[in-house]
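Participant: Okay, here's the structure, questions in a sec.
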Amino acid sequence: MSLKLNEVFESIQGEGAYTGVPSIFVRLQGCPVGCPWCDTQHTWSVDLEDKRSEQQVMKESGDSRHWFSSDAEQLMALFKRQGYQARHVVLTGGEPAMYDLRDLTQTLHQHGFSTQIETSGTFELQISPETWVTLSPKVDMKGGYPVLDSVLAVAHEIKHPVAMERHVEELKALLARPATNLDALVYLQPISQQKRATELAIRTCIAENWRLSLQTHKFIGIE
Ligand code: SF4
């Protein structure tokens, strides 16, 4: 399957269980979920007029709507040309689960990479069983997509964005669903580093024995 890629870059994973791990980020174009605080709104639309060459997209800054087409082997070749050293690949977006990622994730594993998908849980996952699933559930967003039981069942970590008490209740309702993987690590992540959100997250993590996830890459000024 041809993938539409908005961005490919090497950095450090800043969130959740893989925090601190050198990673290659592969950002896929397209997301209809509609979160109001989304910090990657440039990835929402997939317009043919925004299609560019791989070389051009790789030269652009991170907030462009441009994308390029690639398959798994072409992406492996790009990693090599870029000289990337990281052995962990994060598939993010946009909403990467809109794509069939079985070929890509299997190819990455064959080349010795570990893989992780960051998803809102609103699309059926099409990935290798070895891929680490980071579910950042987006509940009652404008797009009207429900969080799927099938994704709750395979999530390795559930990383919930939180700014107010209502978000904590949303997470509790998701965790109470019979399908949810009870072994999943549970994280609260304050939305946009807001002070009140961070205080709420800290308080709630202590009370519920959940974990705190900070977007550490934003604190240290890396992408
Ligand atoms: S699911 Fe992710 S990319 Fe899509 S709107 Fe929400 S935060 Fe943005």
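Backbone N, Cα and C atoms are what each Cβ position is placed from, and that goes for glycine too.
Below are the features listed in TrEMBL for this protein:
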type: BINDING; residues: ILE12, GLN13, GLY14, ARG27, THR92; note: substrate binding site
type: BINDING; residues: CYS31, CYS35, CYS38; note: [4Fe-4S] cluster binding site
type: BINDING; residues: TRP37, CYS38, ASP39, GLY94, SER136, PRO137, LYS138; note: S-adenosyl-L-methionine binding site
type: BINDING; residues: THR40; note: Mg(2+) binding site
type: DOMAIN; residues: 18-223; note: domain 'Radical SAM core'
Participant: Over the domain 'Radical SAM core' (18-223), work out the mean pLDDT and round it to an integer.
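Facilitator: Reported value for the domain 'Radical SAM core' (18-223) is a mean pLDDT of 95.
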Participant: Just checking: which of the binding-site residues CYS38, THR92, GLY94 have a C-beta under 6 Å from ligand 1?
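Facilitator: Checking each Cβ against ligand 1, the ones under 6 Å are CYS38, GLY94.
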Participant: CB neighbours of ILE12 (substrate binding site) within 10 A?
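Facilitator: The Cβ of ILE12 (substrate binding site) has 17 Cβ neighbours within 10 Å.
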Participant: Looking only at C-alpha atoms, tell me how far TRP37 (S-adenosyl-L-methionine binding site) is from ARG27 (substrate binding site), rounded to the nearest Å.
Facilitator: 18
Participant: Whose Cβ, among the binding-site residues GLY14, PRO137, has more other Cβ atoms within 10 Å than any of the rest?
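Facilitator: Counting every other Cβ within 10 Å of each candidate, the maximum falls on PRO137.
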Participant: Quick check: which same-chain residues outside ILE12, GLN13, GLY14, ARG27, THR92 lie with their CB within 8 A of the centre of the substrate site CB atoms?
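Facilitator: For the substrate site, the extra neighbours are SER11, GLU15, SER23, PHE25, VAL90, GLU118, HIS217, GLU223.
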Participant: Of ILE12, CYS35, THR40, which binding-site residues come within 10 Å of GLY94 (S-adenosyl-L-methionine binding site), going by C-alpha to C-alpha distance?
Facilitator: THR40
Participant: For GLY14 (substrate binding site) and SER136 (S-adenosyl-L-methionine binding site), what Cα-Cα distance in Å is obtained after rounding to a whole number?
Facilitator: 14
Participant: In terms of DSSP three-state secondary structure, what is the assignment for GLN13 (substrate binding site)?
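Facilitator: The three-state answer is coil.
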Participant: Taking Cα atoms as reference points, rank the binding-site residues ILE12, GLN13, THR92, PRO137 by distance from CYS35 ([4Fe-4S] cluster binding site) and give the first.
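Facilitator: The answer is PRO137.
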